[in-house]
Amino acid sequence: MSAIRLLTRTSLKTAFRTRAMTALNARRSASFYNVDLAGLTEDQAEFREAVREFAQKEVAPRAAEIDKSNNFPSDLWEKMGSMGLLGITCSPDYGGLALGYFNHTLAMEELSRASGSVALSYGAHSNLCVNQIHRWGTDEQKKKYLPDLISGKKVGSLAMSEPGSGSDVVSMKLRADKVDGGYKLTGTKFWITNGPTASTLVVYAKTLPDKGSKGITAFIIERGFEGFSTHQKLDKLGMRGSDTCELVFEDCFVPEENVLGPVNKGAGVLMSGLDLERLVLSGGPLGLMQAAFDYAVEYVHEREQFGVPVGTFQLMQAKIADMYTKTNASRAYVYAVARACDAGKVSRRDCAGAILYSSDRAVEVALEAMQCLGGNGYINDYPTGRILRDSRLYTVGAGTQEIRRMLIGREFNQELLSD
């Protein structure tokens, strides 16, 4: 528990306790997060508060500019590293905190409340890359890559999707041909979060192209490898500060020691990480919902029409009630799944269900928050439009809603129709 307390003390000393209010875009530092309902332990509550104060000081004041510029602020990586946020689930041997996925989800939630873009890049680095190397890497790989990734000196990424293989990831075309001393990779990856800046990437490729899922292998790629390059940075609707691009491999040589996990067993590496990825990323919609609700509920009690705050109108009260209920219902489900995962009960259907439910609700809450602001909700001087655009990512990223529904249904089919 000393790691949590150190993290908390560091953050509390530097907490930003006051916020300047502007006429057009008053950033609220208060939140209507219901601590009593969250059911956090004392240590988890301290951890969440430390992350909240860090996010409100270092990230929230820059959220609008991050969105506008379409760039992730590189200085945030080492700041998050110094907080211990980049290795929450990793061993202290590599600089990690040795905490669980619940804490990781809490960090994702609070960073998302400050900026969806920053949190998404954070999740790709800390969960999709760092956590996978920690789970599957050899001792030598972990010693080589994890310290710099956990400190924030280097940026991590995961590359799975391709232009022709999104939901059908097993149909990937990136080839890894065996050569003396390693493999040569040829092909492309697409929609890769942190791709433009990542120095360490977990990449999946076909080592036996005719074997389907039984011919996939995971590799650790370094930016300096000959034959590896990044192409155009994508201009996205939302999550604009989360740098995203295409990766290109042209006979890129990867040494044998950079194989991550068993050869031709990469599908197992990939699928085992997807459940935990869905859980941790579920914190994103929670944070976006809380940000939208916090802003809207204060706005409707400051904005007056007909001589009274618009929040006193019954139709507006209904919106407040619906947003509040959807946010807390989503949080209850995500937190329950997180607790189960930390107890060793990883449920594929519920990891998918948590992000399925929370991401749909996040879009609904963001839309209602925009409506609460009236005309102001439709202009970019206010944050609700950005929150809506960011929330849409979670209905297609880390698996589409359709795939999540199919996965849940298939889980029940397998259970009930098996001999």
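Every residue gets a Cβ built from N, Cα and C, even glycine.
The shown structure was predicted, so the numbers you read here are calculated from the model rather than taken from an experiment.
Straight from TrEMBL, the features:
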| type | residues | note |
| --- | --- | --- |
| DOMAIN | 41-153 | domain 'Acyl-CoA dehydrogenase/oxidase N-terminal' |
| DOMAIN | 158-252 | domain 'Acyl-CoA oxidase/dehydrogenase middle' |
| BINDING | 158-167, 191-193, R303, Q314, 371-375, 400-402 | FAD binding site |
| BINDING | S167, S213, K214, D275, L276, E277, R278, A398, G399 | substrate binding site |
| DOMAIN | 264-411 | domain 'Acyl-CoA dehydrogenase/oxidase C-terminal' |
| ACT_SITE | E277 | active site, proton acceptor |
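Each residue contributes its Cα atom, and for R278 (substrate binding site) and T193 (FAD binding site) those atoms are 15 Å apart. In terms of local Cβ density within 10 Å, G399 ranks first among the binding-site residues G164, G374, G399. Contacts of Q401 (FAD binding site) defined by a Cβ separation under 8 A and a same-chain sequence distance of 6+ are given as L356, S359, D360, T395, in order along the sequence. With respect to L158 (FAD binding site), the closest of these recorded positions in Cα terms is E277, chosen from K214, L276, E277, G399. If you average pLDDT over the domain 'Acyl-CoA dehydrogenase/oxidase C-terminal' (264-411) in this model, you get 96.
The separation of G399 (substrate binding site) from G164 (FAD binding site), Cα to Cα, is 15 Å.
Working note on the binding-site residues S161, S167, Q371: by count of other C-beta atoms within 10 Å of each C-beta, S161 ranks first.
With respect to Cβ neighbours within 10 Å, the recorded positions T193, K214, E277 differ, and K214 shows the lowest count. Here the binding-site residues are L158, L276, and the one whose Cβ sees the fewest other Cβ atoms within 10 Å is L276. Between the CA atoms of L276 (substrate binding site) and S161 (FAD binding site) there is a gap of 18 Å. The full span of the recorded substrate binding residues, S167, S213, K214, D275, L276, E277, R278, A398, G399, taken as their largest Cα to Cα distance, is 23 Å.
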